[in-house]
Amino acid sequence: MPLNEVSGNAFPRTVLFDLDGTLLDSAPDMLATANAMLAARGRAPITLMQLRPVISRGTFRIIAVAFPELDAAAIQGLIPEFLQRYEALIGSVSKPFDGVEMMLHALECAGTVWGIVTNKPEFLARLILPLLGWTSRCAVLIGGDTLAERKPHPLPLLTAAERIGVMPTDCVYVGDDVRDIQAARAAGMPSMVALWGYRSHEDNPMTWQADTLVEQPHLLSRPDVWPST
C-alpha cells in the first residue's frame, strides 16, 4: 500500500497552504503591532474583533482599520512602520490554530509533501518557520513579494508546484480567502476553504467555487476529507 493511502482513502501527494488564517492564527501579533502604532500617537487601541475580519486582506487593510480617517496615500506611507514593528513582535503571541499540528503530522506520516504560499512578505514568513519548528518540514515557501505576481494570480502556486517537482493537478491548495480559491482555480489545483480563518460578514465561501469547505483543521487529519487529485 502506498504511503499516502490509508484504508482505501488517499491523502494528496502535495498540499500547499496559505499562512495567515489557515495555518497560523497571526491576528494577535498584528493586533499588537497596530496598537503599538496607535499608542505611539497617543490613541486608543482597537480590538481583535475589529481587526480579525481583514487580516487576510493584507497590511493596507489592517492599517485602514486602525486609522480609518487616513486616505490611501497616508495608509501606504505607514506600511514600512507597520512591517518594522511587526517584525519585532512576530511570533510573540501568534500560534498555529488548534488541530494544525495534528493535521501536518498526519500528512507527513502519509508521505504527503506540504508547503506555504502566502501574500505575506517572504522575509516575514521565513521568520515564523523556525519559531514553529517548520523550517525543515515546509518543502517550499512563496511569499507575496517572492515573484512578480501574487495571489489571486496563479503564478505563486504554479511556481511552488514546480519547485517541489509535481504537476499542479497533483496539489491541493488550502486557504481562507477568496483570492486563495481564485488562484487555485486559475492554477488548475483542487482547493479547500479553511472556514476557521479570517472572513468578514460579507464573505460567502459557498460562492467561491472551491472543491471543499472544511470547518476545523483537525478534520484534515482524515484522508477521506481531501478532494481527489
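Positions of Cβ are set from backbone N, Cα and C atoms, glycine also.
Residue environment of ASP18 (active site, nucleophile) contains 26 other Cβ atoms, counted within 10 Å of its Cβ in all protein chains. The annotation active site, nucleophile is assigned in Swiss-Prot to ASP18.
The feature Mg(2+) binding site is assigned by Swiss-Prot to ASP18, ASP20, ASP176.
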Long-range Cβ environment of ASP176 (Mg(2+) binding site), under 8 Å and at least 6 residues apart:
ASP18, GLY21, THR22, SER56, VAL193, ALA194, LEU195, TRP196, GLY197, TYR198, ARG199
